[in-house]
Amino acid sequence: MKIISSIEDLRDQLRGQLRTAFVPTMGNLHEGHLSLMRLARRHGDPVVASIFVNRLQFGPNEDFDKYPRTFQADVEKLEKEGVYVLFAPTEKDLYPEPQEYRVQPPDGLGNILEGEFRPGFFNGVCTVVTKLFSCVQPRVAVFGKKDYQQLMIIRNMARQFALPTEIIGAETFRAEDGLALSSRNGYLSPAERAEAPFLYQTLQYVAEQARAGHPDLAALERDAMARLAGHGWQPDYVSIRKRMDLQAPSAAEHAAGDPLVVLTAAKLGNTRLIDNLEI
Ligand code: PAF
């Protein structure tokens, strides 16, 4: 595997490649990331991964400084997956001057759910993903469904800008007890790790109730928030949305069987976890 940090060297290395499959990451790779590499391999060749902890998508009080950086271990895992190039730019490589031109998602999608609780997050994500796409020029790119809203925003962005990159969504990779794998799981104490699957169990409860025709989705969301709080969580939201556009379904849309997804973000101690489940 070639490890490349400069945009120029990356362009030289990938010149003439028309079927590149790309997996952007922030490193601290776990089985969930590796499943994205395997899916990428089924959709293109060569597989290119990136590791870049993108300052632009972190708020001032978020975990940019303490975000886990495990470069050597990541390299070994990517080697085993047969990744052809690892693009690992420094901040100076990717942002040699202040990144003043930004990609701003529309308010209706960018300022709800994660966007409401993490102002600027999707601006930072869309900006770096656009820049990474410009460097790698992939034919396909793979993103996990665990970041459901991120996947939808990137897919819409690629469509509206007519980017030549097909966006592929990968199923969430879960531990045996149901906890969605995430680099932030590493922040959990042993007691918190034992409690953490309750987030997914709450989503399963909501999904079962909604499938059984629960008439009042807002009440169901409140019920789920209370359950989490009762277990010591501080939930930001539990929200049932239409899969198509992440807007709240009307009673008529729910009754008509519009496909739904329940999304949540909640803090356990100092660790904020997100998860979702298609209903
Ligand atoms: O999902 C992530 O890890 C990041 O948001 C991404 C897509 C690599 C952009 O920094």
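Quick reminder: no glycine exception, Cβ is built from N, Cα and C everywhere.
TrEMBL lists 26-33, 144-147, 181-184 with the feature ATP binding site. In this structure, LYS146 (ATP binding site) belongs to neither helix nor strand by DSSP; it is coil. All protein chains considered, the CB of LYS146 (ATP binding site) has 20 other CB atoms within 10 Å.
Around HIS33 (active site, proton donor), the C-beta neighbours below 8 angstroms that are at least 6 residues distant in the chain are VAL23, THR25, LYS77. In the three-state DSSP assignment, the secondary structure recorded for HIS33 (active site, proton donor) is helix. If you look up TrEMBL, you'll see HIS33 marked as active site, proton donor.
Its Cβ taken as reference, GLN150 ((R)-pantoate binding site) is surrounded by 21 other Cβ atoms within 10 Å in the chains shown. If you look up TrEMBL, you'll see GLN57, GLN150 marked as (R)-pantoate binding site.
What TrEMBL records for GLN57 is beta-alanine binding site. Under DSSP, GLN57 ((R)-pantoate binding site) is assigned to a helix (H, G or I) in the three-state scheme.
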Nonlocal neighbours by CB distance (under 8 Å) for GLN57 ((R)-pantoate binding site), same chain, sequence gap 6 or more: GLY120, PHE121, PHE122, ASN123, GLY124, VAL125, VAL128
Close-lying recorded positions around ligand 1 among MET26, ASN28, HIS33, GLY144, where CB distance stays under 6 Å: MET26
